[in-house]
């Protein structure tokens, strides 16, 4: 086993090596003229200033949690927490720092050709992707190696499990703050800037006279790049950890427990290699289809990953019957391999469905464009209709995934499917993280007054970015849906373990009389489902309000700058970009705290509240049900928001080349229909980039906190 | 027991008597001038034409279902189905026919004083309310009496239970069609008419030159009156039936089974009387507060209902220990009485919370008005934020209700709380059904060119109507949330009963090897939760799309009329109102079919799909979980849509007297901020009047179909 762990770690290092190579390749590209460099510098400074402030705030919270974890659990757990938090922060930090340098280079490259622009933007995205996957895998693998090989703990020792769960918690905590803070920043700037710029002052998006324009571009980097990276880091880490924990519990007392814990790591290692190879397949074909170019990379990765899965299976558990689980189910290597393939198929289907719902040229986006012709109201109605409808197919795919993997290899099979799904996260993130780079490149092109065709190239890249952004979010939440049972099972089996130990007289006194009842007929289960189900709604509402408030503050600030210095609109004096960035930084940091605490505290509050009116058993039952409740509504809320938002955005973009309605009339940019589509886009902004994506970390953190609550109670 | 049944039936007859008295009182009022009568006649004709067509369509479906029920179950069941369907239709039909006569009389009365206008409108609403409660109670009571006393079946005989469930199914089927069809009609007319009238042609709402204006007023009657009546009839009937069925199962084999089945009927009987008394307390006070006047009636009813509950308890089960349930829990009459009071408290809290979220003058609506100042986009964002947030407090209230009632008297206690909640439905419906009457009265006043202050009176009534409409919807869905466990339990215990009988060799062979597992750790339970959770989202999306499509058709029609006859806009020739009504009638009937079938077929499809890949036990588990899944997401979707929509509507209304924003600027009707608020209102329209309210019948019908599925399989 140690050998395999070392091989996996080498795979993780390969990803880091790719990131270093790609970074030097991106940095060597031409940065364009002085004006472009100046704009890019302003964006870079703003983004760095925000991230510094955000990380400082998180560091304070993190230090407290670190101390608490040490005190309540152990130094091993606290160290795990620190590893998860620091590596997650690092992936976002480096990825964003590359992104703020790639933007201007992409603009410059796009002025030569679309293919060159795509090349730099995608490479920049791939750096973030590989860093996320590589650092997450390295963190888990190396810490697991250190704990089991160096310190000699058994793989299934509570110390190891607590340490891994704490690692996931560290990643989760960063993730919820980064997703929400970044999301509030980026959409506050976007919505506020558009309202006062496009609507009131009548100047185009990214016009250099708009004081919020730099903030808008900063937001792309801190929200869509750094925030997204933290989110996916967390999803990756939590999934791997949950699968390992499940392996440890599922095969407790059997001799395959170590293989079962190492297998998910091996899958991730193999898939990182295939993701790296896949990046070299991304190349603009003769038809000039950007989506087609990205798909080449994705399909190459997916197909190669089947081979990778086979190798990982062969190297760890083999393809035959590998033994029985603690529950007596015979586990077969081939079946697990097929489960992994199902995970990849689920990923492919979610990508395909998301593209259908958010891509220009398909029925949903067209229906929103068409509805824009009759006004703002009908645009929003149709957008909401699409957003609600877009949840159906992914749900059915997830249901199919759950049933098929469970039938093949029980819960562990489902966990392996989710692991394989997350295995290719490096590639998926690459598809996503290129979006903010091209968005920025477009902004720089506009502000620097580059020729219109440059903007056209960056816009074409950006439109695809809207879809790929939605894809990543659908993928992340989809993995949560497919993994719902795994996360719940980790909690359930942990609880069972403590109860069994307590009853056998092996400590854990707290759990002696606990008899959780997770049947739907138990009213505390229904209560847990309802309270869990509430979290995504309340959390989403808070996030939307925060964006509205931040945007309102930006509107006031921009109006003030216009009023104080009429030279800004005349183009004779420069607006104070930094003031807008600074204002948003403060607003986003302040606004992210309370909503982030909701999913962190919810399981704890519910546990003690139910304990107060009933007993421990019912309190554990309610918390367990809460974990499923938050996924059941969260899945729908997140998919509807992210797909709906992407569809609104692209419906707006469909007017840029003129949208031909059902009556054959062409509506151009600036028409009434286009204005209606801008309203939908504004609504979709916080939907898809703040509230929707933050639901995924909210789900995960609720689950992780519940696991930690068990661990802490066990230590008490 | 027969005596009590007769007393209950007399209470039901009292409600009918009240309705007859109030109808003659309303009809004796002055109908205003010739122009007003002419307009009212057009609305009346349109509404009657729509309802005739809708009922014809439903009758065809109903006849098929009647035959199927007869064939698959029994003539008793089919008769029950017919009773539920016909009485539900009758309540809506009569209520709406009074409503289309009260509108013009309200307009005329409002031209004399606000108090007189309120008097007629409220009385008209109370007619619908009493008819719904009275007919539903009579239907259940008399049929129960006939089956048990006349035909001599034991109260707990499967024939009786199947017949009662079928009665609920009949009500449900009418309800889903009426809610959805009516909702599509009313909002298609409203949205379409506004878009082409207010936005394109620049004419005010209800301007007689707008060809859609009559259709809009017809919609108020067929959607908000007849559709709502069918919905509440169904909620009432299903709740009473579910409580009776639960009583039958819960106390199976004990000697209190009959009391337990009659107790919910007695509660409803008592509460009908208190509702009738309460209507006489509705009177405009010196402060002129309309909401205050309505509250007087509501609080009178609620307080008197506590006395009524006491009498019902005393007359049926008494206040002492009344025996043990089949599960061995000792049931105490006093505790059940307290459960009933909790139901009333839940109702009061939901009313209060809904008023907070939708009433002018509170923080949520003000925040939407404020957001309108910065544009269409921020208005919609804030509205969505409010809609998401508004789910939190009702959920906590419902959770409190579940826990407290369960602790007092087990599941049967929860069922009694829901029964008491629904007991005062007559009063709640009265508060709601006065809304469309005043809305119509305003339209008639506008079209007939009555003085502006008449319109001001009707608008004041209408604004309160927006809140009371949201209240009724929150109340209906809240009862579903509180009753979630009851509905699931009816399914669960039914299933257990069949399995036990099969294993004891008493027939029901189909169930012999069934071992359902409703634990959250069962993947089929998670699958059921997810598929159930999908229904409200998909259903909501379909409903929103349908409204968008109907509204688009109206826009085309109105544009065509304006084009074909320029005299319409000039005011020299009359538009063809009937063509718009006819077009919408066809559209609404066509569009209601597919979404309505979704919740009807979903449990059947899920059952057989899971049966295909797994076995009977898992199929029953998945369907059971589906019943809770549909409530878990449905509760949030419905509350967010109805509260959010109400808030948007009243945010728009807040501009009518000028909204003073946070900077102290006053924004009047016609300002940019007002226009933004109109967009929000347009979005909120299908949210609150089509998709949101139809979720409640969708939940109920899914549950009822699942129960019938069991019954049919048992007969197979």
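Indices start at 1 and increase along the chain as displayed.
Just so you know, glycine gets a Cβ as well, placed from its N, Cα and C.
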Can you dig out which of the ranges B:380-403, B:452-475, B:476-499, B:500-523 TrEMBL describes as transmembrane segment?
-> B:380-403
For which of the residue intervals B:200-217, B:218-235, B:236-253, B:362-379 does TrEMBL record transmembrane segment?
-> B:236-253
Here TrEMBL annotates transmembrane segment, and of B:17-37, B:80-100 the range meant is B:80-100
Under 8 Å Cβ-Cβ from residue B:469 (site 'Determinant of potassium independence'), six or more apart in the same chain: what's there?
-> B:224, B:228, B:432, B:435, B:642, B:646, B:688, B:689
Taking the transmembrane segment (B:159-178) as the first stretch and the transmembrane segment (B:298-322) as the second, find out whether 3 or more Cβ pairs fall under 8 Å, excluding pairs closer than 6 in sequence.
-> no
Ranked first among B:120-147, B:236-253, B:410-431, B:593-613 for CB pairs under 8 angstroms with the transmembrane segment (B:298-322) = B:410-431
Relative to the transmembrane segment (B:120-147), which of B:52-73, B:265-286, B:410-431, B:593-613 accounts for the most Cβ pairs at distances under 8 Å?
-> B:410-431
In the three-state DSSP scheme, residue B:469 (site 'Determinant of potassium independence') belongs to helix
Same-chain residues near the transmembrane segment (B:236-253), Cβ under 8 Å, at least 6 residues beyond its ends = 84, 88, 132-133, 136-137, 139-140, 144, 155-156, 160-161, 164-165, 167-168, 171-172, 260-261, 263-265, 268, 323, 325-327, 410-412, 415-416, 418-419, 421-422, 425, 479, 483, 486-487, 489-490, 493-494, 497, 700, 703-704, 707
Long-range neighbours of the transmembrane segment (B:524-547), counting only residues six or more past its ends (CB under 8 A) | 180, 183-184, 187-188, 191, 517-518, 591-592, 594-595, 598-599, 602, 606, 610, 614, 618-619, 621-634, 637-638, 641, 685-687, 690-692, 694-695, 698-699, 702
Other same-chain positions with a Cβ less than 8 Å from the transmembrane segment (B:410-431) and lying at least 6 residues past its termini are 15, 122, 125-126, 128-130, 132-134, 228-229, 232, 235-236, 239-240, 242-243, 246-247, 250-251, 260, 263-264, 267-268, 270-272, 274-276, 278-279, 294, 297-298, 301-302, 305, 308-309, 325, 327, 329, 331, 335-336, 339-344, 346-347, 401-402, 468, 471-472, 475, 478-479, 482-483, 485-486, 489
Outside the transmembrane segment (B:593-613), six or more residues from its ends: residues with CB under 8 Å to it = 57, 173, 176-177, 180, 524, 527-528, 531-532, 535, 538-539, 542-543, 546, 619-620, 622-623, 626-627, 630, 694, 697-699, 701-702, 705-706, 709
Under 8 Å, at least three CB pairs between the transmembrane segment (B:80-100) and the transmembrane segment (B:52-73) (pairs 6 or more apart)?
-> yes
So what's near the transmembrane segment (B:52-73) in sequence-distant terms, Cβ-Cβ under 8 Å and 6+ beyond its ends?
-> 81-82, 85, 89, 93, 162, 166, 169-170, 173-174, 177-178, 181-182, 222, 585, 588-589, 593, 708, 711-712, 715
